[in-house]
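Feature annotations, reproduced from Swiss-Prot:
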- 4-185: domain 'UmuC' (DOMAIN)
- Asp8, Asp103: Mg(2+) binding site (BINDING)
- Phe13: site 'Substrate discrimination' (SITE)
- Glu104: active site (ACT_SITE)
Amino acid sequence: MRKIIHVDMDCFFAAVEMRDDPSLRDIPLAIGGSADRRGVISTANYPARRYGVHSAMSTAMALKLCPHLKLLPGRMAAYKEASQHIREIFARYTPLIEPLSLDEAYLDVTDCSQCNGSATLIAEQIRQTISDELNLTASAGIAPIKFLAKIASELNKPNGQYVITPAQVPAFLQQLPLSKIPGVGKVTAKRLEEVGLITCADVQQYDLAALLKRFGKFGRVLWERCQGIDLREVSPERLRKSVGVERTLAEDIHDWEDCEALIVDKLYPELELRLRKVKPDLHIARQGVKLKFQDFQQTTQEHVWPVLNKDDLINVARQVWRERREGRGVRLVGLHVTLLDPQLERQLLLPWE
């Protein structure tokens, strides 16, 4: 049985700013773009969250909820420096580190001899070391499989940890709401609820063939997670090749204006936020759009583009909408980017000789 730790820094960007300027600690603070340029919130501290401010929210909305919100543009160099220090701390315990972004990672400590091999004590020590050396707090989840470790890291935030031992997995899954499983959004959770599926226990008792017929490949993944199956290993060599966001709609849409509003107000801000966590300069190889129609057929279109660009994505989506929809309702809209190959990127950065 593996010992997996998921470490998630607490409001990371804001925490770095509060550490470097203590006067910011007790006031509502957010990192993001300006409201007049349709900016997006990257993260918010806990005083701001009490007003309802959260990541991926438009800055304009955040300022409506909290007019006295302190807004900073962010210092990506400082965040990257702190992130690198944190990864160096991880490496003192295990070489099996899978970074997910600047502020979170999976660690496999199965073969770690420190702390007598106790994953719980290792997580505590890592969090204490981060606090001592960087004056930042982290939360952690400990479990025998990845998706449960990630869920566990959210259960005792901020500056805490939660352990799910192998013996506790069955009971934990029995009462776990499906909405807590990564990949189950609000619309999907609602559709699951429509057929009586609310917790993992419900899925465990549901016919797999019926689940596959109704939900396709996702049904298989959901069934496995509800059985406590997650065969994914912590992969240090994992290279993220793409970043994407998509929304399954509660009702099919038929007007381009509704699609454009979804892209501008919801999807693009979230895509920019996710991309900035793994590629702060927003440099990419390609960007594209995905539409799924009411008959479950889907289509994608990509453009070669050097930097994430909202106007281009809207133009691509408009073209796909006009040329391929054929009068059908649209049930899902997605945006994605393909990242630059690291080797090619390094070659492009080499000076000419």
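Using N, Cα and C of the backbone, Cβ positions are placed for all residues, glycine too.
What you are looking at is a predicted structure, and each value in this text was computed from that prediction instead of being measured.
Each residue contributes its Cα atom, and for Phe13 (site 'Substrate discrimination') and Glu104 (active site) those atoms are 12 Å apart.
Asp103 (Mg(2+) binding site) falls within neither a helix nor a strand when secondary structure is assigned with DSSP, and so counts as coil. Residue pair Asp8 (Mg(2+) binding site) / Glu104 (active site) shows a Cα separation of 4 Å. Counting Cβ atoms from all protein chains shown, Asp103 (Mg(2+) binding site) has 23 others lying within 10 Å of its own Cβ. Every protein chain considered, the tally of other Cβ atoms within 10 Å of the Cβ of Asp8 (Mg(2+) binding site) stands at 19. In sequence order, His6, Val7, Asp8, Met9, Ser153 are the residues of the chain that are 6 or more apart from Glu104 (active site) and have a CB within less than 8 Å of its CB.
Per-residue pLDDT, averaged along the domain 'UmuC' (4-185), amounts to 94 for this model.
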